[in-house]
Amino acid sequence: MNATLRILAWLIAVALVALPVVAVLNGWVGAERWPLARLRVSGDFKRVPAEELRAVVLPYARSGFFAVKLQDAQDAIARLPWVESAQVRKRWPDVLEVHVVEHKPFARWGTDRMLSEQGRLFRTPPLLKDFKLPQLGGPDAKTQEVVALYNESRALFAPTGLDVERLEMDARGSWSLGLSNGVQIVIGRDDARARLQRFARVLPQLTDPQRPIARADLRYTNGFTVERRMENGESGMDKKPKPVPPAAPHALVLNSLRLRTPLLTIPHSPFAIPGFKT
């Protein structure tokens with residue numbers, strides 16, 4: 001009996017010591033005695049409003065040094081638009097440190113997302129302004145492949161003074177591309193790079209300011225078709241002879257042309273080929 005009483009007394013003594021410690025560490029009592037008085041924010045970010053960040057962090061900081069839930073605060077910050085990742089730490093006696101990594105947009109992806117320079121997809125933030133970005137698209141697992149062809153396409157069309165504004169791959173793997181002068185190009189599924197090389201090589205010969213190209217279809221083994229804008233605004237198939245090798249109806253045969261890929265660097269293209277920056 002005496003042994004039982006001794007054990008019970010020992011447990012009560014331990015509880016009396018442990019409960020205050022647990023209460024303090026969980027913020028049940030004394031939170032106001034160890035308040036987090038300072039917020040220290042770091043990171044290279046420009047689009048996350050400081051007021052919005054402060055409003056998200058403040059409720060967690062009020063719980064005090066011992067009771068603040070760092071992971072919950074970190075998750076809340078990461079849900080803000082433009083935030084790629086966040087780290088939250090506390091430093092004795094009263095500092096809450098927040099490090100924010102912001103998404104750096106590279107392109108629009110599909111209808112409602114963007115692709116960052118790190119190759120991550122994220123929702124398009126609301127009230128997006130002043131962003132002139134290329135329109136890319138495709139299966140989520142194909143982002144590297146889409147970006148690689150985008151970079152190569154820019155190099156191919158750079159000598160013509162044109163840029164690539166749109167490049168998309170559909171669910172079947174078929175490619176389409178839009179140039180800065182409004183020309184829409186259907187590439188198809190196979191040999192996309194070779195087909196674009198052929199078209200870019202002869203594009204200067206097809207220039208006609210009076211009848212600009214509206215659309216090109218490259219889904220042919222040895223050539224392509226071209227539709228031009230007519231004076232009435234409509235488009236039609238190009239049947240006018242060009243100083244190029246003999247052509248089948250509506251198709252320019254390119255077997256006899258010697259093709260070269262221009263050795264160019266792409267300005268303002270943050271992706272390395274074939275992968276993303278790390």
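Glycine residues also receive a Cβ, built from the backbone N, Cα and C atoms like all the rest.
Owing to the predicted nature of the structure, the values given are computational and were not obtained by experimental measurement.
According to Swiss-Prot, the topological domain 'Cytoplasmic' annotation covers 1-6. Over the topological domain 'Cytoplasmic' (1-6), the average per-residue pLDDT in this prediction is 62.
Annotation source Swiss-Prot lists transmembrane segment at 7-27, citing sequence analysis.
The topological domain 'Periplasmic' annotation in Swiss-Prot covers 28-278.
Helix, strand and coil counts from DSSP across the domain 'POTRA' (34-103) read 21 helix, 22 strand, 27 coil. Annotation source Swiss-Prot lists domain 'POTRA' at 34-103.
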